[in-house]
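**Q** TrEMBL lists these features:
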DOMAIN    3-117  domain 'Response regulatory'
MOD_RES   Asp52  4-aspartylphosphate
DOMAIN    144-373  domain 'Sigma-54 factor interaction'
Amino acid sequence: MATILVVDDEASIRRTLREILEYEDYAVDAASDGEEALDMVHDSTYDLVLLDVKMPKRDGMEVLESLSADRPDLPVVMISGHGTVETAVEATKLGAYDFIEKPPDLNRLLLTVRNALDRGELETENRRMRQTITETNTGDLTPIVGESAAITDIKETIERVAPTEARVLITGENGTGKELVARWVHRKSNRRDEPMVEVNCAAIPSELIESELFGHEKGAFTGATQQRIGKFEQAHGGTLFLDEIGDMSLSAQAKVLRVLQEHKIQRVGGSRTVEVDVRVIAATNKNLQQEIEDGDFREDLYHRIGVILIDVPPLRERRGDIPLITEHMADRLARRNGIPPKTLSDDALKALQRYEWRGNVRELHNVLERILILTDGDTVGADDVQRCMGPQTSSSGPTYDLIHTYDAFSDARDQFEKLFIEHKLDEHDWNVSQTAETIGIQRSHLYNKLNKYGIERDE
Ligand SMILES: Nc1ncnc2c1ncn2[C@@H]1O[C@H](COP(=O)(O)OP(=O)(O)OP(=O)(O)O)[C@@H](O)[C@H]1O
């Protein structure tokens, strides 16, 4: 049974979350402030922390920072009230697994909790595996599924390159499988019993990246209350995966270059030099040649990291792999969601092959999860795919527009709410009571939204 720590200064939220989670058979402890929470985490083994952003004394962000430093394996989900959603989004960039809004929506809460626990388990599992893996035991790492020429080529390159010490640069759009390739290079390398440490360079603010990579001494800067070991040191003997390296600031690039030349680091605020033996694998979705031309990426660093180049093509350029990948994922997803296994008809697989998949394999994974959950019966047909995906087959459509038009989460959410409400009203011939009932909100709440977004019936 997983044990969850709920941290919130509001007793009513603590009570609600406890009731919901205990009903789902989780064991729940609660803390009413950050100080108490840190003590409790120190003294017990929790599988997940639900952490309020705004609290008196130590607020959620401070507690998150402490937890990320001391217990990086412990998943943390932020709970945000009105007006703190942006902070919560910021927190996810700093290592929180996800965030939920108050008052918590039951389905979203349970899905987030389950996913966060899965992730925590996976990480614990990965750590355990690192110690025991032998070449024949490839553990639980997802295989690279596909028989297209590009994927076959990538698998061959991995076999050839992994056992060497060569640095590898993996390029490709988001969600194509770059991280999976990196994990296989490590898994098949002679360093497989040592850690593979990952740094997402895009998620770390530029002023923190140095301390993240090289660590810092106590008192090195305001907020450096204790010594911290950086990722290079953590990866000593193993592999350091620099994800989204194209987003690293020029000053951090200069420092990484020096480490790659000298195999030594200095913690921020420290004077001692520490030798590090690390193999670097880097990945980016950016065109680094272009970044070099624009003066945003150092050419000398590019040559250092890119000894072996692996380009993972977009899924739409290897549509032949879609049925294989889908079938592989369908089994795992059914098991994970506790639903009976389902077969996809040939027509359903063909329908999936026609989409653009701008989010690549990750999007296919998410869409498939939705299809499997929403479809009754044991076979998924082309009509089920259509129903869950909508008819769009190109790089347009409302979702794509939403994602690409808005930068701020709140703007995209508002626009989505507006479109959704208009669509549902149309479906119910503008009967507000019926629409409110179908979408599960109070009629008065729906009227508020109509006012807020200026939604009116087109005559
Ligand atoms: N060929 C494949 N076979 C099976 N699963 C795959 C394959 N390629 C990717 N996946 C799965 O798709 C998801 C996305 O892959 P991954 O995280 O490696 O992509 P990425 O290119 O690193 O994404 P990003 O650039 O957004 O970080 C993962 O769950 C991964 O296991």
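Yeah, the Cβs are placed from backbone N, Cα and C, and that goes for glycine too.
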**Q** So for Asp52 (4-aspartylphosphate), how many other CB atoms are inside 10 Å of its CB?
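**A** Its Cβ has 27 other Cβ atoms within 10 Å.
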**Q** Across the domain 'Sigma-54 factor interaction' (144-373), what is the average pLDDT of the model, as a whole number?
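**A** Averaging the confidence scores along the domain 'Sigma-54 factor interaction' (144-373) gives 92.
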**Q** Across the domain 'Response regulatory' (3-117), what are the DSSP residue counts per state (helix, strand, coil)?
**A** 55 helix, 24 strand, 36 coil
